[in-house]
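K.L.:
When I checked TrEMBL for this same protein, it listed these features:
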type: DOMAIN; residues: A:15-267; note: domain 'Glycoside hydrolase family 65 N-terminal'
type: DOMAIN; residues: A:324-690; note: domain 'Glycoside hydrolase family 65 central catalytic'
type: BINDING; residues: A:TRP359, A:ASP360, A:LYS602, A:GLN603; note: substrate binding site
type: ACT_SITE; residues: A:GLU490; note: active site, proton donor
type: DOMAIN; residues: A:699-760; note: domain 'Glycoside hydrolase family 65 C-terminal'
2 protein chains.
Amino acid sequence: MNQDYIKPDNWSIIEEGFYAERVKSSESLFSIGNGAMGQRANFEEHYSGDTFQGSYIAGVYYPDKTRVGWWKNGYPEYFAKVLNAPNWIGINVLINGQQLDLNTCKSVDDFKRELNMKEGWLSRTFKATLPNDVKIKVAVKRFLSLDLDEVGAINYEVTPLNTDAEIIFQPYIDASITNEDTNWDDKFWDATSVNYEGHQAFIEAKTMKTNFHTCTFMESKVCINNKAVFVDQNIENTANYVSFSYAYSVKKGDNYSIQKFGGYTVDRNHNANTLVKAAKHALKKATKKGFFQMLEDQKNAWLNIWEMADITIEGDVKAQQGIRFNIFQLNQTYLGKDSRLNIGPKGFTGEKYGGSTYWDTEAYCIPFYMATKDQKVARALLEYRYNHLEKAIENAEKLGFTNGAALYPMVTMNGEECHNEWEITFEEIHRNGAIAYAIFNYHRFTGDYSYIPEKGLEVLIAIARFWQQRATFSTDKNKYVILGVTGPNEYENNVNNNWYTNYLAKWCIDYAVENIDKIAAEYPEDFTRIINKVRLSDTEIQKWKAVASNMYFPYSEKHHVYLQQDGFIDKELITVENLPKSERPINQKWSWDRILRSPYIKQADTLQGFYFFEDKFTNEELERHFDFYEPFTVHESSLSPCVHSIQAAKLDRMEQAYTFYLRTSRLDLDDYNCEVHEGLHITSMAGTWMSIVEGFGGMRIKDGKLSFMPKIPKQWKGYSFKINFRNHIIKVNVTQEQTYFEMLCGEQLEILFNNKALVLESNVLKAVS
Amino acid sequence: MNQDYIKPDNWSIIEEGFYAERVKSSESLFSIGNGAMGQRANFEEHYSGDTFQGSYIAGVYYPDKTRVGWWKNGYPEYFAKVLNAPNWIGINVLINGQQLDLNTCKSVDDFKRELNMKEGWLSRTFKATLPNDVKIKVAVKRFLSLDLDEVGAINYEVTPLNTDAEIIFQPYIDASITNEDTNWDDKFWDATSVNYEGHQAFIEAKTMKTNFHTCTFMESKVCINNKAVFVDQNIENTANYVSFSYAYSVKKGDNYSIQKFGGYTVDRNHNANTLVKAAKHALKKATKKGFFQMLEDQKNAWLNIWEMADITIEGDVKAQQGIRFNIFQLNQTYLGKDSRLNIGPKGFTGEKYGGSTYWDTEAYCIPFYMATKDQKVARALLEYRYNHLEKAIENAEKLGFTNGAALYPMVTMNGEECHNEWEITFEEIHRNGAIAYAIFNYHRFTGDYSYIPEKGLEVLIAIARFWQQRATFSTDKNKYVILGVTGPNEYENNVNNNWYTNYLAKWCIDYAVENIDKIAAEYPEDFTRIINKVRLSDTEIQKWKAVASNMYFPYSEKHHVYLQQDGFIDKELITVENLPKSERPINQKWSWDRILRSPYIKQADTLQGFYFFEDKFTNEELERHFDFYEPFTVHESSLSPCVHSIQAAKLDRMEQAYTFYLRTSRLDLDDYNCEVHEGLHITSMAGTWMSIVEGFGGMRIKDGKLSFMPKIPKQWKGYSFKINFRNHIIKVNVTQEQTYFEMLCGEQLEILFNNKALVLESNVLKAVS
């Protein structure tokens, strides 16, 4: 809705000037999170303008009712909804009895918001003239602690500028919240206790149905000119709300401030009966350190993350800001500390997509986490799916599959499917392939094969079983076909023989068989254990092979391309270029049938296959398919531009690669899809990382070796990134002239540079070109 | 749920014995209606067992919320829901203070229910021993008056058999009702006033959102041994309920009875402010006649209906009962008196399908009404769509069509679309063709061309425009294709080139052009008026013709059949015969994706085209297509068996035709699809009529002449029906030996019998063979 108002800056997201119409967009863009919780950048003080309140706790969701209108067998009972959690950031500010509300001030000047990504904090400063003509200066800083991840801290300072004034701070916690996306004004939280003691307050609340127990807490202290003062404290409370009042007669020019600590303890980490105790413990640790020491710790914690994850771009501030914003938001969302959690498409920045796990994790996020964190993190993401295997088998059984075939859910919180559009839930089955692919990708990158005999093979077998059963034999084609699917391009539904799906299905079976053979030979004990557990016979494997070896792939002899699906070339093949701008984005302008019969592609579909399996195709083939499909691609999925950027770079089309790079990296900052007010596109941000590292850097794993074929957009002086490859940390720095490799950690390693061997030594900078 | 318990009987539906598990099914089967209102056969007295309460008023509906989960552009804001209306039939019966409730009686003996179709009433008799050991005999008769169609009448008699007893009748009206299908326990009625006066009571209530105003009313009197007695009357009332109490000490063996008159006045027929007055007026007319005179009038009114509409079958009671049940229910649902009303798939017998108008009316019901009523009735059904033309154009505009193209809604109450499955709402567009076909069919049968220049042509033009815009050109096929549709077989969604749809699209354009030419030549004034109104140019007509003359029809060279859609023969072509019974009905056993990729056909699809356009195909073609498609047809739509019965008869497969006939005619009586408890399949009942008249009777219109090629199942001695053909009433009586024609009304008429001319004279019986 509000595009292009973020100031270019290398390390910060900065907004200047107060515009009510930008508030919801900025609330998304300035979101903060620490992996355990996160929140939109809502104001602490009351705001009566248009706002989208959101504070979210990792792993806390609600199963909303789905049963309305027409029902189809096999639909899940509910769809998961990420829940807006009780508000702990609120601080009402009264100046001579007048509520501070930016929506009603006579003027708001020098308004500036900054999200400092380097140090992990959000600040806001402004001057305001209230309706009662008191003029004040306000400075607020807030962060969610990485170290104490149950706690956030706020320092809120007010200085009256034109008069003495009685200022009241009313910090509060409030569990009477609901969701913006609630259909019927449902209540999702049940507050079970409200307690306060000294300057601390606690509300225990549990979610309806899912019974997640939480304690929302706060503790505050006030200062004059940075010195603590004792102030009479008034308390107000209801069954789901507590506020304290700290009134002080502040002299003109004096700085009256409140430091508020707050957050959540949850029963995922504590016994449900000890949440208040745990909250007190967290508050004790936080207040003992104090706001400023915590802020120092925060800077250091982010320094550690950036140390490994940063990507620098020289000579292009917008590009630099974009990639850092992406890396920052990914780390705010998921740090890999808890294998019960995953990466929702909107992270902690909005309600859409229900905060759930999609195939985005396997297809887009795992490469980022593999290369920028310890490999345990990626392994934890694989284990998340292993732990859901039984439920994936149950899910397949609901759809008529047997014998341990698994269909992983399209959207899930706990392993159960929780989405109910039939064309997605039942038919967008390629997701199953991405889960197998992630296992392959993890092994390829980390070299850690142990995961496959330990856990991965069971997943691969269950997935292979699914594909064998899902394919049917066409006597007309004398081939196996896969009918009635939705590919990655969700602008096609219920199509036959989506090339990507068919290709992935065949690959999944082949890969399962390859691993069965390897484990039979090399891990006989694991082999026996698994085969006995899943009761896999040679006869069954032969059935799989029959399908994999005789799969149908739609192909156009006329265009020399694999067809996205049967019948694709019967469409009116008018390219996006020839589509009036006024008709776009088509998902906001066109009815669904019109989208479906159009040739327009939401995100890489055939090209997603070329991305996953690029070794299987020549550059000429890639080019032909890219040139055929990209002109019909509207990139209305956030997951689209990154894949195209990588492929354009591979094809040496650097202008196009650069355009796609900006689109993926600044998708939210520049609000390409006119929806940033709903929240950020977190999972696609990992795609942005890939578009630099794999796209421009040309990073691949070739025969177990790390390989680079760097390219650089002409707009850039240089760029650099680091890769954690099998416990070697390698810094890659690409300039217009040369590429520099430096191994910051690890023993000697042979890599490939432009397909030639290059040996890296510990802490030796190598320049090559 | 409860199959095969209805006693075979020529004129009545009879159930003997009380079985709680049958109650909901019987409530459907014994439903009564009079075109203006209708109700399930709920008990008058309290019943604590499993029941589905339903009383419905024609034209009174509610727009329920549809917005849940995932939304798609172009979806309607609501889906229409037929509303359960306030209850006026209720009579609590207390025997010595004990509530009569068949669910709690110690015993229920000699229970018998009868729906007398000849005379149009419902009765129930039983003996019951109450928990307090009082044994009573009960006899109830109820009907909804055809003459006074706002009124129903009940005569409820109780005789204590083993003791004197104090008996209280508590007749009541109750507006605190809701729908069985309500998702969130919503309230749909707002009672605005409650009045009572003497023995009359009135509740005015309006529907939420739609603001339909109604007055529900009642008046009662009690008798001992059929003589009116004066009894003290107690009144209870709340904001949406009124009951009167009539207590009497009844001697053993005496008959205490209550006659209750009740019903609705609605603002479709009266000013909303005068509904109570209108109700009093209706009550005055009813009570003046009294129950027994009204019952006599009812018998006569039904006699008049049967006089024209009856079909007799000799030698096969079940077949006879079946067809009469179908004719009876159709007449209970729609009598053609009000052109604002239409024929909902469940009539007044349940909530499913929302009581709305579907293409069923045009494809199935119009032939029945054309041949058994004055042709005004069929014309009124056409005008219903003409009156909705503007809304159909608006509906098409929402989907991106322009220039006055119309897409009639799939489901409607008032011309607006009110269904929101994208694969139906946006894609089951063949419905548009049925609306054009009905115009053709009306003219073909009645010979009344005047409707087309007056109104029909505008509809035909708007429909032709739609098809021209909806078809797209495939450069690959060098043909026009229609992508992304759902055919009549709803077990396929979003397919390309559904043969039936493509064929109908071409036909619609051809038929529109034909009529434009004819009207230009023969009705120049109408032509000028219409062309100016719709701004139709020759250039545009050329575009239509380009599409119609170069339409693609999928065809299998291997099977020598038109394909239901592109790709049909890629399916696993396993016939229904080879599908385990335990898997059926597939719509209750299989997930949607499995149904979609199967070859199973819900109802005639390609064969529906062969039915509509049989003249265009040879018998050999019909046979080939029938043999190809019928074996994959599961007939899980009520609209399926009738078409197959007609075609089997045409192919001289009398055994098969007979089997399909029983299936269509006794679909509900024998509960083939295990769902009669939800209500009856009203619109398919017109298909049953067609399967006798068109199937066995072989009735067609050939070159404007009525034509018959009668056949007779070997199970029958004979059958007869009457046809109102252009003001000639012809009785056709077919025996195993001969066919008898008798013209009961009208001048000399030449018809065709087995393709030979036969001249009928007024009141002369002609036997031919």
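Keep in mind that glycine also has a Cβ here, set from the backbone N, Cα and C atoms.
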K.L.:
Other residues near the substrate site, CB within 8 A of the CB centroid of A:TRP359, A:ASP360, A:LYS602, A:GLN603?
P.N.:
A:TYR358, A:ALA363, A:PRO488, A:GLU490, A:SER637, A:LEU639, A:SER640
K.L.:
Under DSSP, the domain 'Glycoside hydrolase family 65 C-terminal' (A:699-760) has how many residues in helix, strand and coil?
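P.N.:
Grouping H, G, I as helix and E, B as strand yields 0 helix, 40 strand, 22 coil.
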K.L.:
Out of A:ASP360, A:GLU490, give me whichever of these recorded positions has the highest number of other Cβ atoms within 10 Å.
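P.N.:
The residue with the densest Cβ neighbourhood is A:ASP360.
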K.L.:
Give me the Cα-Cα distance between A:ASP360 (substrate binding site) and A:GLU490 (active site, proton donor), rounded to a whole Å.
P.N.:
14
K.L.:
I'd like to know which of the binding-site residues A:TRP359, A:LYS602, A:GLN603 sit within 10 A of the residue listed as 'active site, proton donor' at the Cα level.
P.N.:
A:LYS602, A:GLN603
K.L.:
Report the same-chain neighbours of A:TRP359 (substrate binding site): residues 6+ apart in sequence with Cβ closer than 8 Å to its Cβ, ordered by sequence.
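P.N.:
Residues satisfying the criterion: A:MET410, A:HIS430, A:ARG431, A:ALA434, A:ILE435.
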K.L.:
Mind looking up the mean pLDDT for the domain 'Glycoside hydrolase family 65 central catalytic' (A:324-690) in the predicted model?
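P.N.:
Across the residues of the domain 'Glycoside hydrolase family 65 central catalytic' (A:324-690) the model's pLDDT averages 96 on the 0 to 100 scale.
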K.L.:
Suppose we draw a 10 Å sphere around the Cβ of A:LYS602 (substrate binding site). How many other Cβ atoms does it contain, all chains included?
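P.N.:
Counting Cβ neighbours of A:LYS602 (substrate binding site) within 10 Å gives 22.
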K.L.:
What is the Cβ neighbour count of A:GLN603 (substrate binding site) at a 10 Å cut-off, with all protein chains included?
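P.N.:
There are 24 such Cβ atoms around A:GLN603 (substrate binding site).
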K.L.:
Per DSSP, to which secondary structure element type does A:ASP360 (substrate binding site) belong, with helix, strand and coil as the options?
P.N.:
helix
